[in-house]
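S.K.: Let me give you the structure first, and then I'll get to my questions.
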Amino acid sequence: MKLTGWQRVLLILIPFLLVSGIFQFAGALLFNIPLYANGEMTSLQKMVLALFNLMGTITVVWFFVCRIDQEPFKRTGLMQSTPIAGLGIAAVLTCAMFVVGFFILEWWGELNFVAIQFDFAAGFYLLVAYLAIAILEELLFRGYVLRNLLRSFREATALILSSCLFSIFHLLNPTISWLGAINIFLVGLLFGIAYLCYRSLWLPVCIHFFWNFSQSLLGFRVSGQDAYSMIVIDLPEKNSWNGGDFGFEGSILAVVCQLVGIALLWRFYQKKKGLAG
């Protein structure tokens, strides 16, 4: 019996959690990494776990695409090209959003600049970790989940459902707040629209990577998780304006930024679709 798109999505969720968990556990054992002390992990340890998580995700998605769905793996969009100019513009705009947000919060007195600490090795390990995280999350949530939901539902419905799942999977993140969950949902919409633009994973991967990496370098926590920061900041008061312990993604300012980004990207997608039609 051939499974429908939404049935495929439901079927992959538990195996993904199990397989990715097993791979991360194996990585932790091999490299003596404390799994239950995420905040105390070094950048190198975080990179190792992210790479093992990526391997686990590729394994389970490949199995479902090629063996269960009996489709070529390239259908995920991982091998589909994206214009270099588009990637460059996306990277610049994503970084610019956080830089502008940083200065707005400093101007409002919601954060204080403390110091600059440069550690090339830690920065490199974090770069690799966030790239691995961007690839694995986009492969699962856009390359498999969204792509299959589009077979069962209209675009808007598929985007909303995939973004809900994306947000739900982040509910176990440290210091998650209701505003943080909303922002994770909104950024899921942003990544989903980015996927629709070219049916390629590389535009959402690019935005996702710079989304996380920029926050970390500017001193913010990333979805509640602490990591190396080139810029050290202090929050006079942890609130919904600066995001508190969850980071920029837990802020009201992030809601505004994401809504603007969603509107612009949706307009670009509709224009591109109109030209193609």
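For all residues, glycine too, the Cβ spot is worked out from N, Cα and C.
I grabbed these lines from TrEMBL:
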DOMAIN    124-213  domain 'CAAX prenyl protease 2/Lysostaphin resistance protein A-like'
TRANSMEM  9-35  transmembrane segment
TRANSMEM  47-66  transmembrane segment
TRANSMEM  87-108  transmembrane segment
TRANSMEM  120-141  transmembrane segment
TRANSMEM  153-172  transmembrane segment
TRANSMEM  178-198  transmembrane segment
TRANSMEM  210-231  transmembrane segment
TRANSMEM  251-269  transmembrane segment
S.K.: Averaged over the whole of the domain 'CAAX prenyl protease 2/Lysostaphin resistance protein A-like' (124-213), what is the pLDDT?
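M.R.: In the predicted model, the domain 'CAAX prenyl protease 2/Lysostaphin resistance protein A-like' (124-213) has a mean pLDDT of 96.
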S.K.: Within the domain 'CAAX prenyl protease 2/Lysostaphin resistance protein A-like' (124-213), count helix residues (DSSP H, G, I), strand residues (E, B) and coil residues, in that order.
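M.R.: Looking at the domain 'CAAX prenyl protease 2/Lysostaphin resistance protein A-like' (124-213) with DSSP, the answer is 76 helix, 0 strand, 14 coil.
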S.K.: For the transmembrane segment (87-108), name the stretch out of 9-35, 47-66, 251-269 with the most CB-CB pairs under 8 Å.
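M.R.: Checked against 9-35, 47-66, 251-269; highest Cβ contact count belongs to 251-269.
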